Protein chains: 2
Amino acid sequence: MISSLSFSQNPYDLWLQYDNIEEQHILETYKNQVSNIYLSLNSATGTVIKEEIQKAFKGLLGIEPKFDSKTPNIIISTLDKLDPSLQKKLPEISKMNDEAYVIQYISDSKDAQIIISAITEKGLLYGVFNFIKQMQLRNDLSKLSISDSPKIQKRLLNHWDNLDRSVERGYAGFSIWDWYLLPELIKQEYIDYARANASIGINGTVLTNVNSNALVLSPRYIQKLKALADVFRPYGIQVYLTARFSAPIETGDLETADPLNAEVKQWWKNKADEIYAAIPDFGGFLVKANSEGQPGPNNYGRSHVDGANMLAEAVAPHNGIIMWRAFVYSEEKPEDRAKQAYSEFKPFDGKFKDNVLVQVKNGAIDFQPREPFHPLFGAMPNTPLMMEFQITQEYLGGMSHLVFLPQLFEEVLEEDTYTQGKGSTVAKIIDGQLSNKKLTGMAGVANIGTAKNWTGHPFGQANWYGFGRLAWDPETSAKTIAQDWLKMTFTNDSDFVDPMTRLLLESREAVVNYMTPLGLHHIMAANHHQGPGPWVKDMPRPDWTSVYYHKAAADGIGFDRTSSGSNALEQYAPEIQKKYSDPATTPDKYLLWFHHLPWDYKMKSGKTLWYEIAAHYQKGVEQVEGMQKTWQKMQKYVNPQVFEKTNMLLNIQLKEAKQWRNACLLYFQQFSKMDFPDFIPEMTKDLNYYKSLKLPYAPGISPSWN
Amino acid sequence: MISSLSFSQNPYDLWLQYDNIEEQHILETYKNQVSNIYLSLNSATGTVIKEEIQKAFKGLLGIEPKFDSKTPNIIISTLDKLDPSLQKKLPEISKMNDEAYVIQYISDSKDAQIIISAITEKGLLYGVFNFIKQMQLRNDLSKLSISDSPKIQKRLLNHWDNLDRSVERGYAGFSIWDWYLLPELIKQEYIDYARANASIGINGTVLTNVNSNALVLSPRYIQKLKALADVFRPYGIQVYLTARFSAPIETGDLETADPLNAEVKQWWKNKADEIYAAIPDFGGFLVKANSEGQPGPNNYGRSHVDGANMLAEAVAPHNGIIMWRAFVYSEEKPEDRAKQAYSEFKPFDGKFKDNVLVQVKNGAIDFQPREPFHPLFGAMPNTPLMMEFQITQEYLGGMSHLVFLPQLFEEVLEEDTYTQGKGSTVAKIIDGQLSNKKLTGMAGVANIGTAKNWTGHPFGQANWYGFGRLAWDPETSAKTIAQDWLKMTFTNDSDFVDPMTRLLLESREAVVNYMTPLGLHHIMAANHHQGPGPWVKDMPRPDWTSVYYHKAAADGIGFDRTSSGSNALEQYAPEIQKKYSDPATTPDKYLLWFHHLPWDYKMKSGKTLWYEIAAHYQKGVEQVEGMQKTWQKMQKYVNPQVFEKTNMLLNIQLKEAKQWRNACLLYFQQFSKMDFPDFIPEMTKDLNYYKSLKLPYAPGISPSWN
């Protein structure tokens with residue numbers, strides 16, 4: 001009953017918790033090391049840096065930092081304004097990119113100094129956030145010698161936010177963009193959003209849903225957008241919009257949106273000019289075209305290349321980019337949906353303009369708990385591919401399941417595509433290493449909303465944080481991310497950090513186990529996607545059903561994607577084809593993604609497939625129980641409200657994990673006709689019970705779907 | 001850029017700000033007076049009381065209160081457990097109602113004591129909140145001798161919240177009821193909502209929209225409702241629902257909802273039994289029937305009495321009540337909409353069952369900036385009438401206008417109906433004084449949402465607070481409410497409180513002036529109701545247009561409701577009829593409500609009507625400018641974020657006040673053909689500009705209206 005605001009560890013502050021350092025010796029050491037600051041900047045970004053330092057020092061150290069230049073022990077300066085004698089003492093920075101920074105402790109003078117420097121002010125901001133993080137992590141400042149730069153250029157959140165403030169697949173309340181009161185009302189949340197993103201290196205945000213609305217391109221909304229851009233600019237964050245391909249028609253200006261039509265081209269050029277006049281650093285457009293009912297160039301017999309390049313020309317004079325989504329699958333095509341994006345886009349390799357990124361989801365279906373990497377990665381060497389991850393948990397339990405997604409992201413990024421020989425990981429394709437790409441990017445579909453802690457689930461914050469870290473460096477380990485986030489958000493106590501790191505890293509396998517083990521996929525309930533729905537079959541399209549994907553029948557279960565089936569496997573490199581074409585050499589985790597196997601198929605474990613399916617579902621449930629046990633021991637480290645809320649959410653997760661297990665096993669048993677192994681608890685409800693569960697007004701879907 | 005959470009005056013904590021008392025002598029005195037507490041309760045309410053005291057003492061006094069019974073200087077006990085010798089020293093309480101309490105400082109013993117006592121634990125809770133308030137107000141505790149009880153029994157918030165979390169006419173984000181995650185997830189907001197309401201004596205809440213959804217009556221939702229009821233119970237708050245009259249049909253159980261049908265009666269009895277089995281103190285139902293498209297008894301040729309009494313019978317065995325709204329106006333009737341509720345309901349006087357309240361809006365149209373009191377008040381002496389005020393600012397600027405509504409509420413409550421002679425005020429009808437009603441009530445349509453400060457506009461909190469105070473005692477003055485709220489929320493410094501009290505008390509007249517002066521009404525934009533729309537005419541019903549109400553034409557402006565017109569005036573007492581039938585004796589504020597007058601009509605001021613209309617619009621704008629000037633001086637007293645946010649909102653208010661002035665004057669000038677007085681600034685935009693303004697996705701309306 002005590003207000004949520006009277007605790008330290010305030011959930012609103014995310015990982016930027018600056019609670020007073022309790023370890024007295026560290027506190028005293030830090031206070032001696034960082035009392036006096038020289039800050040060379042007088043710009044808006046300089047103000048941001050100064051205020052962040054004030055906040056951090058006041059919180060962590062309990063001091064008001066002095067910004068006088070006489071005897072500074074911290075020097076924060078862009079490289080060009082730094083004394084040449086100091087420059088020499090820094091790690092090499094000149095060859096690094098514009099967003100790079102260095103942090104160097106220099107002890108050879110009588111008075112030791114910490115230098116934070118960068119080529120640009122934005123780099124300096126990143127450096128300062130990292131420096132503060134060093135104190136949050138209780139690291140030894142006298143050992144600081146950091147030279148860092150982002151490996152990916154465009155590090156973007158994608159907000160699937162509608163203008164009515166509903167959020168498609170949003171589970172954290174509603175859109176934080178209060179368009180109605182913009183541009184006049186600048187909410188504090190906008191500032192704190194920018195601050196949080198800058199702290200993890202995110203440098204762009206697409207504010208609107210990919211299922212887009214042309215209204216946002218109108219003059220009135222451009223003024224609103226400008227207000228947000230002005231807030232975000234000092235934090236190094238650019239704004240982007242989704243472009244509705246049919247906007248020229250919907251605004252009433254034209255009768256066609258044909259990308260080869262001269263008037264259409266001019267319309268977009270004019271629109272781009274209009275936006276850039278208000279927002280000189282506008283980032284560009286994200287486009288979902290000819291996908292799931294969205295308009296696009298195909299409506300006029302034109303290709304994705306025609307559409308993307310037309311828009312690319314419009315924004316090119318302003319250094320804007322186009323992110324063109326590859327998430328397409330045709331209503332007419334009978335081809336395995338997993339194959340369609342590759343089939344459609346691979347022939348376009350090398351044909352897009354320089355300022356076009358093709359944005360590809362991590363897997364070929366749709367953000368499932370586990371999918372093999374998308375076959376387009378590595379298949380378009382002459383086209384910059386942008387990774388699209390989903391931070392919001394559309395298929396992973398909405399807001400009520402604790403799932404640490406950096407583990408999922410890491411798994412994808414580490415996968416070897418073999419497209420340029422062994423070691424051609426997805427990460428190296430995305431960050432441009434393998435083909436020296438000029439343009440690189442990673443997008444994360446945001447899990448942010450009006451919830452007082454931003455993400456609804458307290459642990460949703462870790463996924464936002466982790467996405468930022470991986471967009472900065474896609475080879476960062478999930479374990480490092482988990483540890484840093486836990487320390488920054490809660491405490492550095494290893495009795496908390498160590499078991500909770502294990503919990504986080506296991507949480508993603510848990511959700512795979514209790515939802516879609518062994519390569520199963522897309523067997524969730526229809527529309528809202530919450531809870532099991534292996535029985536889903538009557539939908540407007542076959543590839544929106546569950547039966548299309550699991551193909552459970554008397555003869556077995558799984559989608560044959562080898563040469564005897566859809567041969568989606570042929571879209572991968574020969575090394576992978578070879579390995580995955582035989583169930584015996586296919587990793588268990590992808591088994592039923594690529595193979596249709598009999599229920600009594602003998603697994604590597606020696607058990608039957610049916611037994612292993614049951615064992616995985618059971619293990620998932622037990623893993624959630626294990627998470628509960630671990631969490632119970634963490635009470636003393638955590639804000640009591642967060643502790644209780646997480647308890648309640650874990651209870652929901654366990655309840656739903658059991659629903660998944662029971663519903664799926666009962667459903668599949670109709671075909672396997674085999675008994676449950678002994679470790680499966682007795683079912684007290686029948687299949688019809690699970691089928692009858694309805695979730696009206698489930699969050700994250702359009703009101704009209706209810 | 002500093003997080004909103006690092007300040008005192010945390011907006012989330014509303015008027016329950018317990019910042020440390022800075023006046024050192026008061027602090028020391030209080031600490032001596034309240035260090036040791038005796039608390040007799042071990043119930044859930046006792047825990048609530050204890051925790052509130054801990055929070056308040058820790059905040060205000062910086063101490064952990066001691067709860068030991070040895071040498072208490074505060075005794076908190078129900079009367080029955082209080083030492084008889086102490087009982088004798090208290091003000092008379094036994095004749096007071098169950099929610100009464102006393103606070104008495106007793107100084108005749110060596111160790112002075114403060115006694116807080118009540119008949120019930122709920123009364124005790126109210127007493128404790130008042131005691132804490134005394135410290136917030138810096139009152140002398142040694143002078144405490146308070147004997148207080150609510151004058152109205154049912155003090156309810158009405159939430160127009162939909163199950164999809166949209167809020168009809170909600171301007172503070174979305175519904176705080178996260179139905180989807182109930183009953184498992186109990187959000188901290190639910191607890192703090194109950195706490196805030198209990199602190200001002202609100203004892204019930206209708207959780208769902210009057211435009212209702214039968215789904216909330218389903219077993220699954222009853223479990224969710226139960227979870228909220230369990231949270232609210234220790235705070236003395238009952239839950240209520242809106243009942244959709246056609247629910248027996250919509251659930252699929254029956255083919256009719258005819259209130260005289262035996263199966264229908266049984267259905268509602270069963271439904272009531274089902275709800276009460278889960279929630280023994282469920283409050284009852286609020287019903288909007290046969291109004292604006294809602295189903296009701298008229299669909300079956302039955303009356304409102306038939307409908308209300310049928311439901312009343314269902315809940316009567318459980319001590320439940322029915323609140324039946326009188327907000328009806330027929331699609332077919334050509335009668336002046338202002339007359340219809342009276343025409344329909346007056347004949348029903350005395351025919352409702354004992355547990356029915358007829359809920360009447362304060363005015364006969366619909367929550368306008370100003371309306372004369374509803375003629376039903378005083379017209380149904382044998383029926384308990386419940387007041388319905390609107391706290392959310394549907395017609396008063398949404399979330400962006402600072403309007404202190406207790407001034408509006410006070411004006412209505414003070415109006416003399418003359419129905420039982422002079423002094424028959426609306427307040428005395430509502431609180432039952434005039435007819436010794438057994439059942440009394442006041443409802444306020446809530447302005448609460450997911451906004452981090454609950455109400456969006458920082459000053460919206462004052463309207464929630466003020467409603468509670470007036471529901472407790474409808475004769476409380478708006479000035480007292482303003483002062484208390486300012487002190488509790490911000491500071492006791494008179495340099496802040498005095499000018500801000502004046503600002504609050506003037507703010508309501510300002511909005512009347514710049515929106516609907518001199519008795520004008522219902523001339524706002526259609527559907528979303530934000531901004532001017534005197535030109536609105538083509539709507540599904542004439543009485544949804546503006547032209548229906550202002551009747552501006554070459555011959556003048558205003559709605560003739562005297563005997564030469566609709567004669568709505570006949571619904572009032574003869575004293576009022578006499579006074580208002582002549583424009584010369586009609587108060588200016590109601591002039592055009594009752595009279596259609598020529599543009600050059602000579603006003604009491606000696607000026608023409610046209611001049612006075614212009615003067616009032618101009619004055620409204622200038623009043624907003626005055627509010628801005630006052631606010632500028634308040635910076636040092638206010639949380640910087642609240643200061644800046646209020647600045648931004650006042651800028652919006654001023655912009656929109658000017659839009660109202662310009663749009664209405666330009667529109668009416670078409671008919672008056674008269675020049676603007678000199679004090680009206682030159683118009684830079686024409687009428688078509690104001691007509692062209694569109695507000696897509698304005699908050700508070702159904703998504704389907706866009």
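Sequential numbering from 1, following the chain as shown.
Glycine too: its Cβ is placed from the backbone N, Cα and C atoms.
TrEMBL labels come from automatic prediction, so no person has curated them.
According to TrEMBL, the features are:
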- B:Glu292: active site, proton donor (ACT_SITE)
- B:Asp366: active site, proton acceptor (ACT_SITE)
- B:Glu394: active site, proton acceptor (ACT_SITE)
- B:14-131: domain 'Alpha glucuronidase N-terminal' (DOMAIN)
- B:135-454: domain 'Glycosyl hydrolase family 67 catalytic' (DOMAIN)
- B:455-676: domain 'Glycosyl hydrolase family 67 C-terminal' (DOMAIN)
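Positions of TrEMBL features highlighted on the structure.
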residue  : record                       : DSSP (3 states)
B:Glu292 : active site, proton donor    : coil
B:Asp366 : active site, proton acceptor : coil
B:Glu394 : active site, proton acceptor : coil
Least buried of the active-site residues B:Glu292, B:Asp366, B:Glu394, going by other Cβ atoms within 10 Å?
B:Glu292
Using Cα coordinates, what distance in whole Å links B:Glu394 (active site, proton acceptor) and B:Asp366 (active site, proton acceptor)?
10
Segment confidence, the domain 'Glycosyl hydrolase family 67 C-terminal' (B:455-676), expressed as mean pLDDT:
97
How do the residues of the domain 'Alpha glucuronidase N-terminal' (B:14-131) split into helix, strand and coil according to DSSP?
46 helix, 22 strand, 50 coil
Spatial separation of B:Asp366 (active site, proton acceptor) from the residue listed as 'active site, proton donor' - C-alpha basis, Å:
12
